[in-house]
Amino acid sequence: MVVSLMWFRRDLRLSDNPALVEAGADGEVLPLFVLDPRLWGPAGPSRRAYLAGSLRSLDASLRERQGGLSVVRGDPVRRVVQAARAVGAERVHVSADFGPYGRERDEAVEQALADAGVELVRTGSPYAVDPGRVRNGSGEPYKVFTPFSRAWNDVGWDAPADAPTGVSWLRLDEDTTEIPEPRVPEGLELPEPGEASARRQWEEFLDRVDDYDTDRDRPDRDGTSRMSVHLKYGEVHPRTLLADLGARRSRGAQTYRTELAWREFYADVLYRRPDSARDYYKPEYARLDYDRPGDQLSTWQEGRTGFPIVDAGMRQLRATGWMHNRLRMIVASFLVKDLHVEWQHGARHFLHWLVDGDLASNNHGWQWTAGSGTDASPFFRVFNPTTQGRRFDPDGAYVRRWVSELADPDQVPDPHEPDADTRDLVGYPAPMLDHKEERQEALDRYERIKG
Ligand code: FAD
């Protein structure tokens, strides 16, 4: 019988986990998670608390199967080799990581394991189609989403795999492992972590998926799936979601498949252009004249801009670690095109607070809005925050929910544009800028780099 180590990373589940199936086929398996200070450090309070909860949930599922999760802290290069040695593992199984840091880390771990006579086996990834696999007829990557998504669909994916059975689970000495406490800061309301919670959320959404295409753009409705955090931590695999959507042909189901394809597109773009995690995908945008971030950045971060829809989005982020997609676009546009601050400052703030914070989707979502990304929204398309609010939150329910000063309809009849007397009465700030002027300013700056 071969002893294996299953190194969990962004795949905190037992079902439909091909790497775990491979490990289980060996017979004896040590399930391991390494708390890597290089990821734990910058994670921010929402993701730390969520990850701790998700690890506890995975541990509980393994305990139900007479096993348990061993969690160690430190540099994975050292810790994975130590753990493999401790149980005499011949193989370490992982689901492949295609992110810039993950790839480098895995190469270093692979080398250190090889030196110790242990093999690193990569099976699957957090994506239906591994980044790098979708190519056009000339073998080149796609830069535009629609042809990518067609080719992605043509590549296709396997059916979901069952959870392994009949495995003998191993554990490290209890004294050397410790699952962190999920410390949720006061006032932060996070979704329930774990594979079972992901499944429940998904099943609840499947009842609404046919309305997804009409409801997804309405932050005042519960119209989206809220699966991003579960996908982020691999509590469910997108292949499972795609299989469940199966033959559904409603517009809602079709649109949902397309949104999952956007996640895969951005992972593919980041894989091919790791520099685009920090730098402009289109380098000419680095020449645009931006303002130095200062008070205007903190006003935006704190949701005190005086533009109700922007403030509602920023406050929802701080209160829940999540923000509706329409709002992510509105507040990002406001930072880059009204406040003239570079996208990286906003992306960093998002990654600090978002519970679903994901380098590829976040930084390319920002570059899409800033005009500098691949297949991005053109720079000259500047969102008018007030019109966006009226259009996507017509009754103001979303704004009232998140901006407490504007909650009372008797005091504030128009939550999207409260007049000066109302603002004084409820203590809500005046708009920090004139949108028309700043839009023109953004377009003038853009003119100077065009061509
Ligand atoms: P649903 O509408 O139910 O979508 C289903 C799934 O499709 C999502 O869970 C997600 O995996 C995927 N998806 C949907 N829209 C996008 C998109 N535009 N790009 C990539 N994948 C998408 N998504 C993240 O997962 N992490 C991030 O850090 C992140 N940052 C973003 C930053 C900006 C500036 C923008 C504009 C978008 C960002 N997104 C990010 C994409 C999108 O906003 C979220 O995936 C979505 O709001 C999550 O909620 P949901 O699961 O209810 O989405």
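Heads up, the Cβ atoms here are built off N, Cα and C, so glycines get one too.
Record features, source TrEMBL:
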type	residues	note
COMPBIAS	413-424	compositional bias 'Basic and acidic residues'
COMPBIAS	433-451	compositional bias 'Basic and acidic residues'
DOMAIN	2-128	domain 'Photolyase/cryptochrome alpha/beta'
REGION	176-197	region 'Disordered'
REGION	408-451	region 'Disordered'
For the region 'Disordered' (176-197), the distant same-chain contacts (Cβ-Cβ under 8 Å, at least six residues beyond its ends) come to 12-15, 35, 45-46, 48-61, 69-73, 226, 229-230, 233, 235-236, 318-322, 355
DSSP puts the residues of the compositional bias 'Basic and acidic residues' (413-424) at 5 helix, 0 strand, 7 coil
DSSP puts the residues of the domain 'Photolyase/cryptochrome alpha/beta' (2-128) at 65 helix, 28 strand, 34 coil
Averaged over the domain 'Photolyase/cryptochrome alpha/beta' (2-128), the pLDDT of the predicted model comes to 96
